[in-house]
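*Asks:* Heads up, here are the entries from TrEMBL:
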- 514-523: compositional bias 'Acidic residues' (COMPBIAS)
- 24-508: domain 'Major facilitator superfamily (MFS) profile' (DOMAIN)
- 512-537: region 'Disordered' (REGION)
- 20-49: transmembrane segment (TRANSMEM)
- 69-88: transmembrane segment (TRANSMEM)
- 100-119: transmembrane segment (TRANSMEM)
- 163-190: transmembrane segment (TRANSMEM)
- 213-232: transmembrane segment (TRANSMEM)
- 296-314: transmembrane segment (TRANSMEM)
- 344-366: transmembrane segment (TRANSMEM)
- 373-392: transmembrane segment (TRANSMEM)
- 404-428: transmembrane segment (TRANSMEM)
- 440-464: transmembrane segment (TRANSMEM)
- 484-503: transmembrane segment (TRANSMEM)
Amino acid sequence: MAREQLGVLNALDAAKTQWYHFTAIVIAGMGFFTDAYDLFCISLVTKLLGRIYYHVDGALKPGTLPPNVAAAVNGVALVGTLVGQLFFGWLGDKMGRKKVYGLTLILMVVCSIASGLSFGSTAKGVIATLCFFRFWLGFGIGGDYPLSATIMSEYANKKTRGAFIAAVFAMQGFGILGGGIVGLIVSAAFDHAYKAPAYSVDAAASTVPQADYVWRIILMVGAIPAALTYYWRMKMPETARFTALVAKNAKQAVADMSKVLNIDLEAEEDKVIKISTDRTNSFGLFSREFLKRHGLHLLGTTTTWFLLDIAFYSQNLFQKDIFSAIGWIPKAASMNAIHEVYKIARAQTLIALCSTVPGYWFTVALIDIMGRFAIQLMGFFFMTVFMFALAIPYHHWTLEPNRIGFVIMYSLTFFFANFGPNATTFVVPAEIFPARLRSTCHGISAAAGKAGAIVGAFGFLYAAQSTDPAKTDAGYPPGIGVRYSLIMLGVINFFGMLFTLLVPESKGKSLEELTGENGDENDEKQIQMDPSRTVPI
């Protein structure tokens, strides 16, 4: 028989939605707002960096970052994020969620400011300094993934837990939107204050010296939301699940949650000792017991996040073509440097408003009704359908009368990424692993996702180049072309659908019911035989 749940954890599971839930969403969500702002704002300024530091006198087109430099500037934060997810995920299970949570935020604030202050007497010096600080910024951002998800899952009630964790992740949409709005404000102010001709009129005068401040201000603004959240993060008590089940301090867990829930709770120290000394609650990550109970789950969460992020981060393949096709971004030579930032920021803001933000909030509204499994399967299914629908008649979509149709299909692909696996791959790893390994396993799953992001953002940037060497972008070797790249992405999404079958449904269940942490040692065989449990057989 299953052991009776700890009273303090039962109180959290059964609690009605109240003020502390929304406080936790805002505190964790503001971290995610900052993460998205910092990761995506670099795309607003890469063209400006090319104009400032890689200008060639007499060239017909403005300067651009060479492929290796562009890959470093855009990708170094993703590499830092991957390393941070693994390191801080592990540290969150060792030191506690709260202690590590403040550390990641300090790192994000310092490195956001330092990125904007990147120094150097040469272009190479400035870019190298920028990449150094962007790596450590990514390292701090990486820690926010497992910690935010784990804290929210351990604070939430079981009825609306999915919506609360998804709401934290949905702040990513507002972070991307915020980046676009800041880019609009800063570029509009500088464009108005420092008038400059288009590049085609006067190449040298089209980039005013003050343009160097624009990208620095945009990058440094990312420090503000993180700094504002620090005080509230430090006031949050440690989660009861870490304090009781990992630190084994029943009294502290009860004291903390009594204040949060405004009810009297009893410290059940005997029960905590029983749970912690049970052999089934002491296995490690690299044990045979973990492999038997959660091995397929970890395979499911890592592969689905990896495959999703390949497709999700490949979106930069088509954005420049889409924006140009619908007239959002004119030819670079027809604009001055700061006005180009304004046009790119406007395009990112519109995409975030129309496609990114709505998809996230559809997930928040429906995840505890439809369930995680159904939303993830549906999302991968529609992403597969739309990728193939874009790829098979690709020539049809390139004709001018059909370009708006291409934009609609493309937008729907990423709507179903956000109302689908982009949100659920973040939610599920925070629910289905034991408390002592929860942050670590979420970090491993998220790091697999970032590995997919690196493949999607850079592997496909090379793959999507034309097979004709004369038609490739400057500095890139020939690839397989956009059509075959889209077919590959469709296949990747199809495999995402298959690997979703390894991921259990966690809707409406307590975390301890999902992980078996409130089960008796004698219950082990029954747990493995019961198909309603999440343990693979």
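From the backbone N, Cα and C atoms, a Cβ is placed for every residue, glycine too.
Keep in mind that what you see is a predicted model, and the values were worked out from it rather than measured.
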*Asks:* Sort out the residues at least 6 away from either end of the transmembrane segment (100-119), same chain, that have Cβ-Cβ distances under 8 Å to it, and list them.
*Replies:* 31, 34-35, 38, 84, 88, 91-92, 125-127, 129-130, 133-134, 136-137, 139-144, 147, 151, 215-223, 226-227, 229-230, 233-234, 236
*Asks:* Is the count of Cβ pairs under 8 Å between the transmembrane segment (213-232) and the transmembrane segment (69-88), pairs 6 or more apart in sequence, 3 or more?
*Replies:* no
*Asks:* Looking only at the recorded stretches 69-88, 163-190, 404-428, which one has the largest tally of CB-CB distances under 8 Å to the transmembrane segment (344-366)?
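*Replies:* So the stretch in question is 163-190.
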*Asks:* Taking contact to mean three or more C-beta pairs under 8 angstroms, with sequence separation of 6 or more, is the transmembrane segment (440-464) in contact with the transmembrane segment (296-314)?
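*Replies:* Stretch pair touches.
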*Asks:* Counting only CB pairs under 8 A, let me know which of 20-49, 163-190, 296-314 has the most with the transmembrane segment (69-88).
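*Replies:* Per the Cβ count, the answer is 20-49.
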*Asks:* In the same chain, which residue numbers or ranges, 6 or more beyond the ends of the transmembrane segment (20-49), come under 8 angstroms Cβ to Cβ?
*Replies:* 62, 64-65, 70, 73-74, 77-78, 81, 101, 104-105, 108, 112, 127, 134, 137-138, 141, 144-145, 148, 151-152, 155-157, 160, 164, 167-176, 178-180, 182-183, 211, 214-215, 218-219, 221-222, 225-226, 228-229, 232-233, 236, 260-261, 316, 332, 337-338, 340-341, 344-345, 348
*Asks:* I need to check the long-range neighbours of the transmembrane segment (404-428): which residues 6 or more away from its ends have a CB within less than 8 Å of a CB in the stretch?
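*Replies:* Distant Cβ neighbours of the transmembrane segment (404-428) are 145, 149, 153, 162, 165-166, 169-170, 173, 301, 304-305, 308, 311-312, 315, 318, 322, 325-326, 351, 354-356, 358-360, 362-364, 366-367, 372, 375-376, 378-380, 382-383, 386-387, 389-390, 397-398, 445-446, 449, 496, 500, 503-504, 506.
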*Asks:* Where does the mean pLDDT land for the domain 'Major facilitator superfamily (MFS) profile' (24-508)?
*Replies:* 89
